[in-house]
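Worksheet: the structure to be examined is printed underneath.
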Amino acid sequence: MRTVTPRALALLLLISTGVLLSGTAATAGTATDGSARAAAACSAGTGPYQWQLEEHLGRPQDGWQSAADCAAIAAFQRKEGIKPADGYAGLVTYRTMLVAQARKAPNAAGACPVPTPARKVACVDLDRQLMWVQNGGRVLFGPAAVRTGRLGQETRTGWHKVYWKHKDHFSTLYANAPMPYAQFFSGGQAFHGHPGELFDGGGSAGCVNLTVTDAQRLWGVLAVDDSVYVWGRKPGT
């Protein structure tokens, strides 16, 4: 058996350390280069909700798009399934951000009452254009983005109850418009799916519009006589 001298052992350790450091530097360089490439490839301009997205994503808040801002917004869009994930801070991305912020605790501010004894309540937050269903402190559905009544046709605030459900409903007031998974709670106003663009910047004729997918899920959560509570004021989006 050959004996390794202390000098030879030290030399081997020095070589091994150099190889490891070189590999680490190469890996770090690859990650940095990848981030830089992602930022460079993102070219969307400043969006109307730039400031809000910068705050949400922990970016420097100056209200102006940078390549790094663009890359961060695009990454958020990909995570939330927004298409195109182009890094533009538009209405769809902003409204999705509100859902993401509320996801863990939609009633953190306590705006939706929790009755005693606890019962199921569909909570409609006009300020944030969100709704969810809770029973006591437990969230059964949502939060989900909604589109509520426009100026002059506002969704009625206060307490209501689901009084009728019709899965394949068509409007008798508005040109036979489809209202899938309709659940009526106040004089013709209902939760229902909206087959078109939910984030079109407008408002409904008083109903609480959801995506058809969310309306289908809500259909299985609410029943006739379940409570509905609506508060706030719809912003101009």
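Including glycine, each Cβ sits where the backbone N, Cα and C put it.
Bear in mind that TrEMBL entries carry predicted annotations, made automatically and left uncurated.
Since this is a predicted model, take the numbers as computed values, not measurements.
What TrEMBL annotates here:
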- 1-28: signal peptide (SIGNAL)
- 120-231: domain 'L,D-TPase catalytic' (DOMAIN)
- HIS192: active site, proton donor/acceptor (ACT_SITE)
- CYS207: active site, nucleophile (ACT_SITE)
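Counted with DSSP, the domain 'L,D-TPase catalytic' (120-231) comes out as 8 helix, 56 strand, 48 coil.
The predicted model assigns the domain 'L,D-TPase catalytic' (120-231) a mean pLDDT of 95. Around the Cβ of the residue listed as 'active site, proton donor/acceptor', a 10 Å sphere holds 27 further Cβ atoms from the protein chains shown. Here the residue listed as 'active site, nucleophile' is positioned 7 angstrom away from HIS192 (active site, proton donor/acceptor), judged by their C-alpha atoms. Proximity of CYS207 (active site, nucleophile) to non-local residues of its own chain (separation of 6 or more, Cβ distance below 8 Å) is seen for THR148, GLY149, THR155, MET179, GLN189, ALA190, PHE191, HIS192, given in sequence order.
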